[in-house]
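Copied from TrEMBL, the annotated features are:
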- 27-50: transmembrane segment (TRANSMEM)
- 42-293: domain 'G-protein coupled receptors family 1 profile' (DOMAIN)
- 62-90: transmembrane segment (TRANSMEM)
- 102-121: transmembrane segment (TRANSMEM)
- 142-164: transmembrane segment (TRANSMEM)
- 197-222: transmembrane segment (TRANSMEM)
- 243-264: transmembrane segment (TRANSMEM)
- 276-295: transmembrane segment (TRANSMEM)
Amino acid sequence: WRFNSSFHQPSAFLMLGIPGLEGPHPWISIPFCALYLTALLGNCMILFIIKKTQSLHEPMYYFLSMLAVTDVGLVLCTLPTTLGLLWFNLRSIGFDACLTQMYFIHILSFIESSVLLAMAFDRFIAISRPLRHPSILTKATVTKIGLAIVLRGMVSLLPIPFLLKRLTYCGKVELSHSFCFHPDIMNLACADIKVNVFYGMIILLSTVGMDFIFIVLSYILIIKTVISLATKEECLKALNTCVSHICAVLVFFIPMIGLSMIHRFGKNVPPLVNTLVAYTYLIIPPALNPVIYSIKSSHIRGALLRALWRKSG
């Protein structure tokens, strides 16, 4: 502990694995390793294919590249502490290191939410204004959207580490997960955390909350446009281009909303449920997104098969 009059700050926090299953942690690490490996290889494969295939150099796949980079970042943020705990029982994480990990986890989560919104906008323009789609979403426009997404996440979350550093901590230093979350750290403080709660809620609602609302509105407009199409075949073809994105949205937002609700209102929720929802939120989407897009996108699937064929030949 470091003391400065009445100000107390722990030198480190203790991370928690899977409650009640500490004994078989090495065995539990096997599915975690499989998910992490799938996420890293799958997203790197998506990036490689999009970079090497000229026909995929269009807005939809530029946004998919942003999603893949974000997913790789999320994996690299949580992999060291999660596998370190499961393999070697390394529970301790320094105070500043914890704040750094928390900052990047939240930034990347906000970026993923914004990228999914940009992809919804892309699908709406492609379906409602197919002829103007290339002129509306040019390379320059996509680049500006990407930069705006990153800056939005960085700036909105910048005060969070400083709001946590000003708090006094005492007694409990055990986190609920094998990585650092803002609500988790905040709840260990023995000071007034109203500012942290208020700011966290405002930022969450004004970023991820608004993203989700605009995604829903985009799909309402897409459905209205699709209904107006002349034939059933055209309608199904237009909707089929959105299936991958809808799956990615559900895989990301359902666990995220669940985890936010548990941290804020689920005081009586069993620790195991809290832990499983957190792992689902941070590990499952990066692992599933490349699988979803590889299965549903004929362009990516074709480019992948051509790349494998050239390699085997």
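Heads up, the Cβ atoms here are built off N, Cα and C, so glycines get one too.
Counted as Cβ pairs under 8 Å, contacts with the transmembrane segment (197-222) are highest for 102-121 among 27-50, 62-90, 102-121, 243-264, 276-295.
Per-residue pLDDT, averaged across the domain 'G-protein coupled receptors family 1 profile' (42-293), gives 92.
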